């Protein structure tokens, strides 16, 4: 049983029908019951003709391109926002001050005022109950402005850093949206589609949707590659209101006829910049072309490059936009950034030195980033042989093993995780105190996203970075980030960023120096070579390397 099975919702349905409080039927009379879709299904008889004018051939394999006829499409509701009296009474000056305090920049016409607490957001009682049961004290900045924007039914762009609460910004309005639509019939696809760049992020989004959809019995499934398709196909066949998917696997499901997007009226593109960075733009365009054009589209991103702007221009209409913080690349000020200029040969000694400090606190979690899968495996083996309980996660690991590694890290059973950039975004593990960039990434955007794994939700964190001569081209951009966050700067980095001088050295490898005491850190039951219950043949390569007793 893999860690991922804990929230796969294999029985999907939380019980029979949907109808909290008497079902989804009339909803205050505004929908007029389940009619509206015409006849028994309302999709024009044999479903194939939804949208009217047939299909056109394209270059998308077996996936036909829809030729939409808006006049024949059934109508649907998407504006559910009713401004709370407390929000209405706020003066323009008060609203401006609140937005300034929370570093909000707005673009577009008719943007609703922000809310300042959960009760003002206008969510139905069943949603508010779930929120309060989860222990949230107050909404984040992106939620304060994003919820009213999403609930109006407008197309929305939200630009905010990772860890800012974007998932709930679209998840809760999605639940309201679903409960205002006619229930699914046999053969229907989802009502809400969320596209995400990685399977890890997709699974985390599913967790949030599952938490807040229980009371209204909203079903969801997660569709991603790297695992057998069987369970995902069965979930889709049973019918789910929400599909969270990576573009490649969803496209495969669509082309093979395992699902359709004819019922989608609420589309979310999460971490749009990351999806484009990973080369998913063609797949995204193929998928979005399968969705009715009068849908509501919400695009969320940590950055706002031209490629993302172009995608928004092509697929969003009359959109409203909120940016939290500066659009200039910047790191969280909750993170202490320590950049050390060194040689490639010095990295391992520095890594051990920092781990000795980091792991003095037995509750610490440390995420180490490498530039390649090979280095991730090499470092993991080295650390385990040196007595550190490290595990690796990267694209060559099977999904079951990746899920297990994440769970071991999340629970603190293996408090050191070595990762490639597959984990640099979207993985939301609470309590990561330290990030170590063993290899500096190829660009400063990835640097910011990597170190953003710590210092989240108002907590403090520390990021150590090893910067070598090979990284010289990135020095200027890194200096901008460090100065903006008012961090101490290594004089050697200043020199590299100024472009002065040749490649001159800063000394050879030097001695290893003393490592300090070697014993002492033992967390109950971990030591030896055990894996807290043993995974047998599921664990491969570096993760199966024997663990010395010398350090933990």
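Any Cβ shown, glycine's included, is placed from N, Cα and C.
A C-beta separation below 8 Å, combined with a sequence spacing of at least six in one chain, links residue 161 (ATP binding site) to 302, 324, 325, 332, 448, 452. Following the DSSP three-state reduction, the secondary structure of residue 161 (ATP binding site) is coil. The annotation ATP binding site is assigned in Swiss-Prot to 160, 161, 162, 163, 164, 165, 166, 167.
Among the features that Swiss-Prot reports, compositional bias 'Low complexity' is placed at 1-12.
Feature annotation from Swiss-Prot assigns compositional bias 'Gly residues' to 13-55 (among others).
Annotation comment: Swiss-Prot describes 498-536 (among others) as compositional bias 'Gly residues'.
Residues annotated as compositional bias 'Polar residues' in Swiss-Prot: 539-552.
Swiss-Prot lists 147-322 with the feature domain 'Helicase ATP-binding'.
Residues or ranges marked as region 'Disordered' by Swiss-Prot: 1-66 (among others).
The region 'Disordered' annotation in Swiss-Prot covers 493-552 (among others).
Annotation source Swiss-Prot lists region 'RNA-binding RGG-box' at 506-535, citing similarity to another entry.
If you look up Swiss-Prot, you'll see 116-144 marked as motif 'Q motif'. Taking Cβ pairs closer than 8 Å, the motif 'Q motif' (116-144) reaches residues 20-21, 80-84, 86-87, 98, 102-104, 151, 158, 160, 164-166, 168-169, 172, 175-176, 179, 211-212, 214-216, 322, 324 in its own chain, all 6 or more past its ends.
The number of other Cβ atoms within 10 Å of the Cβ belonging to residue 166 (ATP binding site), over all protein chains shown, comes to 26.
Averaged over the domain 'Helicase ATP-binding' (147-322), the predicted model reaches a pLDDT of 93. The record gives 160, 161, 162, 163, 164, 165, 166, 167 for ATP. Within 8 Å of the mean position of their Cβ atoms, the other Cβ atoms in that chain belong to 140, 142, 302. All protein chains included, residue 164 (ATP binding site) registers 23 other Cβ atoms within 10 Å of its own Cβ.
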